[in-house]
Amino acid sequence: MHHQKQQQQQKQQGEAPCRHLQWRLSGVVLCVLVVASLVSTAASSPLDPHHLAKRSFFDIQCKGVYDKSIFARLDRICEDCYNLFREPQLHSLCRSDCFKSPYFKGCLQALLLIDEEEKFNQMVEILGKK
């Protein structure tokens with residue numbers, strides 16, 4: 001009887017670290033699953049800029065050649081300008097008329113990019129050619 005009790009105690013003592021390890025592994029697995037689901041959700045989001053970029057190109061009356069990198073660079077200027085001033089309409093005003101609005105030039109000035117204006121004008125011409 002004493003031997004049986006001793007075996008039972010040893011078994012319980014051996015199970016305690018196993019239970020602790022199981023809980024830790026369960027926590028790690030849960031964290032991995034949560035992170036994986038968040039990453040996949042973010043990657044397939046319909047608000048993904050790459051998904052909307054070409055549509056936006058036509059929405060703002062661009063009639064030239066769609067160049068993803070040029071469009072993204074010019075759009076980034078408008079995003080940065082919006083982030084600087086936090087005016088609700090500024091992003092769309094900056095992009096209007098395929099980046100040919102006075103707001104775009106104002107954003108270049110505000111972001112201290114006016115010395116690169118000629119380069120940006122060439123980019124605008126590529127996107128906005130008729």
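The backbone N, Cα and C atoms fix where each Cβ goes, glycine too.
Of the listed cysteines (C78, C98), only C78 is recorded by Swiss-Prot as the disulfide partner of C94. A disulfide bond in Swiss-Prot ties C98 to one cysteine from C62, C81, C107, and that cysteine is C62.
Ranked by CA distance from C62 (disulfide bond), the recorded positions C81, C94, C107, L127 have L127 at the top as the closest. Residues within less than 8 Å, Cβ to Cβ, of C98 (disulfide bond) and separated from it by at least 6 positions along the same chain comprise I60, Q61, C62, K63, G64, V124, L127, G128.
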